[in-house]
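The domain 'PAS' annotation in TrEMBL covers 4-38. Annotated domain 'GGDEF' per TrEMBL: 169-306, in sequence order.
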Amino acid sequence: MINSYNFVKSVLDSTTESIVVIEPNGKIIYVNSSWDSLGATSTGVLYQGWVGMNYLQVCDDAARENDRFAIKAAAGIRKVSRAEQDIYYLDYPCDGPTEQRWFMMRVTRFSVESSQFLVISHQDITERKVAEEQIEKLARTDEMTGLANRRCFEEFLRNQWKRSVRTKTPLSLALIDIDHFKMINDTYGHSIGDKYLKFLSSSFSQLANRPEDICARYGGDEFAILLGDTDQIGGKLVMERLVENIRNLKIPNENAPTKPILTLSIGLSTMYPNKTNHYENLILSANNLMCSVKNSGRDAIAVTSLEKNHGVLNFKSRG
């Protein structure tokens, strides 16, 4: 007859899920072989002395080091232990010697006769997480240029707006239109037009090189550059440098009705966010300025700044 303990142990050791059984106070009374391997994932060393250790103590020690996943894990385990909930799930990262992996922790409660126990399983979900992150990246990225798309840009702007309200620092937003871009496609073909877009995208993105900045493709031939902690003077200097660099390249656009080279129309708006104004006002202001440049000859920068004293400054430069 098959020994029931050995049979169950063999079943648990054959599963790819890492399983640990603890008492309500956190003492580990059983781990399967996959659990030993899980420890080696992060340390690179196979450790087999888990039985007798206190799982909750390990979580609490990590929590004191500000490990936010350990904090969540300990809280979830205790809720299940106190019967405040029947099951608890947590997705968490695990930094291994060569790569980061993701696991899902599942905690359930069971009883044997009058004794209560918790079973904690850890399932490797790295492939799922990588796929989810790739899908999220595709949803937030413009396929042609590799820049952030409009959805990603507006989400970033909302977050930066809230941050600037707290820090009382300015935001500068430039909306950029490539002048007569349709003429480029009509004259040289869409493949050349696509190359122009990719080249310009690379040039624009170099200006948004801090964590508080972002460069995005806002529309077909429109781009947005948000500069955090940047006032009107700083934003204007950045945009003037961009315009001058593009002019000096003398990128052909021979059939354009204004100049036979590629030029830009830019609306730059600066605001000091507060609780009484809204980030959409910044977009609207920059867009209105960009349109005013397009309607008055193009190849220029129009600037408006809502300063701390609520005075509005207007400036337009043309080469």
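Placed from the backbone N, Cα and C atoms, the Cβ positions cover glycine too.
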Using DSSP, what is the helix/strand/coil residue split across the domain 'PAS' (4-38)? 17 helix, 10 strand, 8 coil
Please list the DSSP helix, strand and coil residue counts for the domain 'GGDEF' (169-306). 58 helix, 36 strand, 44 coil
Restricting to the domain 'GGDEF' (169-306), report the mean pLDDT as a whole number. 94
